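Chemist: My structure is below; once you've seen it, I'll send some questions.
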């Protein structure tokens, strides 16, 4: 009997599972706000050079004329954002007049920003334009580096200290560092706090998913995993609404950070994973948690009958060879785990790189950034409905593989849409992003089901590291557009297709109980191979017999 049988006996998907899942997924929705926050707090408005200080607008009563005389135009007829004339070119005010060879210089006196859409952003506050424009992407890369470090740190701590402790700490760290970010006065301090915020992303998402999966019976895991995806969709829509209402970047930063203080306070009620407690010899506390679960699910009598011996009877066969210490090498030591880890490294890296390559620069589509954010969020709803249906009735492997391959094809196909058809390009990119978002959520659930409990957090943390490396690589791939416009879409599309092919080598986990130990995982794989070999031998014997019979009839 598996541990999931015990959960079924205590009410299955009952009141406890519903409340518990809701309390864990609510913070995940606001976590999505932080992930895409720089689409608004670091938006780049229209800008041009401030006029020379030794000249004043008083030289003309028309500010437009003053701008025309002091700032050259780019090839599209807009004011050049990074150059100005060393001396006002008054001749340009005359109709049909051009100036050839006029001396220009950089924006020595700063910039003038269009504040009609964004009254303030970090770009305006610290002049992250022109020569300093790379610092804007650097800030996002530092955030992703924090996510990378957090995946390593919190993934390891969760296996050693439990799921609840790192999760509670992550809530507090995000509340404090997020609020502090809204008050910093320097760009370097902003980057430091963004790094700390990025660390909490991994701590929250990995531990929330593990707690949901480990407290959920087999029949409820698929829906719970997809609900995590919908929470991210909800978060993107919340971000678009909050950012539209709160335009100054500091107030926006503060508004999406303070709620995590509330999450920190109520997270103390959340019980630790009984699976983890049993694995680490804390059976008495595990029994206490299970009794509380039974009481909430209306199975108090069944809960009262639970003892350490009764609980052990459900899982003793899985824990007989459990080891108390694990390392990253355990992810590569045995054949079955090694195959899973190598495939998931490719899947997480490629999925993340393509996803962030599409979702983190909304201004490139030429439409309202708020509208694009809503579109990129709404598209996830039908995509995840399809993902939910196929995961339940078809399986995890086919769902993840098909979504990744379709997303890659959509990204590559976008290369052939003309530049002036921005609406079509945006819609096509949104569809690809929806497929990538759905596959991302599916692979979170798939990964949690593939790894045994004993190294589940370590495995998810390690594979999440590869996702963060993909997130770090996305801006670098985007920069390849300076050498060829086809390079970024080919890079994002090809890696997505490659990830889809890698998924085909993983085992199906639909309607399968969670494996508790590495040894149990190896036994399951060997049993499956033995069954396949037996079927193959039986088929070969049947073919031989059929051939012999045909030969006899011929003779």
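A Cβ is built for glycine as well, from the same backbone N, Cα and C atoms used for every other residue.
What TrEMBL shows for this protein is this:
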type: TRANSMEM; residues: 18-37; note: transmembrane segment
type: DOMAIN; residues: 94-511; note: domain 'Major facilitator superfamily (MFS) profile'
type: TRANSMEM; residues: 142-161; note: transmembrane segment
type: TRANSMEM; residues: 167-184; note: transmembrane segment
type: TRANSMEM; residues: 191-213; note: transmembrane segment
type: TRANSMEM; residues: 225-246; note: transmembrane segment
type: TRANSMEM; residues: 251-269; note: transmembrane segment
type: TRANSMEM; residues: 336-358; note: transmembrane segment
type: TRANSMEM; residues: 370-394; note: transmembrane segment
type: TRANSMEM; residues: 400-417; note: transmembrane segment
type: TRANSMEM; residues: 429-447; note: transmembrane segment
type: TRANSMEM; residues: 486-507; note: transmembrane segment
Chemist: Out of 18-37, 251-269, 429-447, which stretch touches the transmembrane segment (167-184) the most, going by CB pairs under 8 Å?
Modeler: 251-269
Chemist: Compare 18-37, 225-246, 251-269, 336-358, 486-507 by their Cβ pairs under 8 Å to the transmembrane segment (400-417) and return the stretch that comes out on top.
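Modeler: When the Cβ pairs under 8 Å are tallied, 486-507 comes out ahead.
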Chemist: Can you tell me which parts of the same chain pack against the transmembrane segment (251-269), counting only residues 6+ beyond its ends and a CB-CB cutoff under 8 A?
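Modeler: Tertiary neighbours of the transmembrane segment (251-269) are 23, 26-27, 30, 33-34, 37, 40-41, 164, 167-168, 171-172, 174-175, 177-179, 181-182, 239, 242-243.
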Chemist: Count, for each of 18-37, 191-213, 336-358, 429-447, the Cβ pairs lying under 8 Å from the transmembrane segment (370-394), and report the range with the highest count.
Modeler: 429-447
Chemist: Would you kindly list the residues that approach the transmembrane segment (18-37) from elsewhere in its chain, counting only those six or more residues past its ends and only Cβ-Cβ distances under 8 Å?
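Modeler: Contacts with the transmembrane segment (18-37): 171, 174, 178, 197, 201, 204-205, 208, 211-212, 215-216, 224, 227-228, 231-236, 238-239, 242, 252-253, 256-257, 259-260, 263, 266-267, 269-270, 296, 359-360, 373.
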